[in-house]
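Visitor: Pasting a structure here, questions to come.
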Ligand SMILES: O=c1ccn([C@H]2C[C@H](O)[C@@H](CO)O2)c(=O)[nH]1
Ligand SMILES: [Zn+2]
């Protein structure tokens, strides 16, 4: 992926309009969050090649470790909706953050199962005024995936 900081949509090879919609949906998805413990709402939007915007939000639990991040919520929705293997990028936004949010290690590994090394991850700050784009391989180098299990 060639990163274009000025025109981020070009890095991903999508229309500017689609990129703006992606940002809007990632921000809006935060309203779906169930986060009574951290009070930190995270929204995610997975864009598919058929132009579906699959939203996810973090779902917390009184047993804190059972919490599911926004990214995994969206991934699980996509996979169970028969949307595997047709993803363009994944976008996230954390509530009221001045800096761009970055996906946790568990979510990076979950994503690793379904996308290739060059898959773009789009990270927004709270109001969407800042964006950072990295490939999965940049966020999870030398990763372990399904191909490492082939015998
Ligand atoms: O990339 C991230 C980082 C954190 N969270 C959630 C998990 C938890 O509910 C809250 C605080 O960590 O934010 C996400 O959903 N995605
Ligand atoms: Zn996570």
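Cβ atoms here come from the backbone N, Cα and C positions, even for glycine.
Pulled these from TrEMBL:
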ACT_SITE  71  active site, proton donor
BINDING   58, 59, 60, 61, 62, 63, 64  substrate binding site
BINDING   69, 104, 107  Zn(2+) binding site
DOMAIN    17-147  domain 'CMP/dCMP-type deaminase'
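Each of the listed features needs to be described in terms of its position in the shown structure.
Guide: Less than 8 angstroms from the CB of residue 71 (active site, proton donor) sit 44, 56, 90, 92, 103, 104, 107, 110, 111, each of them six or more residues away in the same chain.
DSSP assigns residue 61 (substrate binding site) to coil, not to a helix or a strand.
Secondary structure from DSSP puts residue 104 (Zn(2+) binding site) in coil.
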Visitor: Note the Cβ centroid of 69, 104, 107, the recorded Zn(2+) site, then list each other residue of that chain whose Cβ lies within 8 Å of it, in sequence.
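Guide: Sorted by sequence, the hits are 70, 71, 72, 103, 105, 106, 108, 110.
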Visitor: Please identify, from the binding-site residues 58, 63, the residue with the sparsest Cβ neighbourhood, meaning fewest other Cβ atoms within 10 angstroms.
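Guide: Counting other Cβ atoms within 10 Å of each of the binding-site residues 58, 63, the minimum falls on 63.
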Visitor: Other than 58, 59, 60, 61, 62, 63, 64 themselves, what residues in this chain have Cβ atoms within 8 Å of the centroid of the substrate site's Cβ atoms?
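Guide: Neighbours within 8 Å of the Cβ centroid, excluding 58, 59, 60, 61, 62, 63, 64: 34, 37, 65, 66, 67, 68.
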